[in-house]
Amino acid sequence: MSDQSCIIIAIAGASASGKSLIASTIHEELCNELGCEEIGIVTEDSYYKDQTHLSFEERIKTNYDHPNSMDRDLLIQHLCDLKKGKAVDIPVYSYVEHTRTQEVTRFEPKKVIILEGILLLTDERIRQEVNMSVFVDTPLDICFIRRLQRDMEERGRSLQSVIDQYKSTVRPMFLQFIEPSKQYADIVVPRGGKNRVAINMLKVQIQHLLNNK
């Protein structure tokens with residue numbers, strides 16, 4: 001593991017399992033305790049591979065729930081840089097165009113970085129770079145309902161396209177890659193992002209890690 005100047009918490013689990021809600025809740029509450037400049041969220045979705053060389057028709061056929069869809073090398077390099085106190089430029093991904101935009105987001109080093117994404121725990125290299133790993137364990141039917149609503153309302157998707165993607169890639173990839181990665185989690189959180197007891201436990205553990213840096 002790289003020399004540490006920050007604490008990195010990985011939150012994984014199925015799409016629409018409540019990862020983002022847990023991450024944002026912890027972020028908001030620790031902002032009040034640490035200062036908002038000392039804690040930040042990095043999403044794995046930002047590290048989907050650049051597909052600008054492909055046509056739109058080819059991009060929509062990409063299996064975005066497979067580990068190969070991610071630019072893991074860039075994510076790991078950014079984690080290492082942040083732990084060394086270096087700022088990084090995080091890609092901005094477009095869910096409408098299914099590729100990266102030409103923009104980047106400057107992300108400064110923080111005391112606490114919350115890393116959130118479906119496939120984080122499937123990669124041993126990422127697991128080695130984080131201080132604590134969390135798996136949000138929410139029933140797949142609940143995840144599907146949430147994903148359906150989110151993708152139609154926020155990402156301009158049609159009902160049939162969401163259903164087709166769920167059947168062809170989302171569910172199979174969850175069973176093949178995401179669910180088995182639960183074994184690598186330090187903490188498994190049931191009932192998704194509204195599990196108040198689990199959120200409190202995670203905050204206590206983060207404070208413990210900070211105090212023992």
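Yeah, the Cβs are placed from backbone N, Cα and C, and that goes for glycine too.
Taken residue by residue with DSSP, Ala16 (ATP binding site) is part of neither helix nor strand, so it is coil. Taken from Swiss-Prot, the feature ATP binding site applies to Gly13, Ala14, Ser15, Ala16, Ser17, Gly18, Lys19, Ser20, supported by sequence analysis.
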Using a Cβ-Cβ cut-off under 8 angstroms and a sequence gap of six or more, which residues of the chain neighbour Gly13 (ATP binding site)? Lys19, Ile118, Phe135, Val136, Asp137, Thr138, Ile178, Val189
If you draw a 10 Å sphere around the Cβ of Ala16 (ATP binding site), how many other Cβ atoms fall inside it, taking every protein chain shown into account? 24
Within 8 Å of the Cβ centre of Gly13, Ala14, Ser15, Ala16, Ser17, Gly18, Lys19, Ser20, which other residues of the chain have their Cβ, at the recorded ATP site? Ile118, Val136, Thr138, Cys143, Arg146, Gly192, Gly193
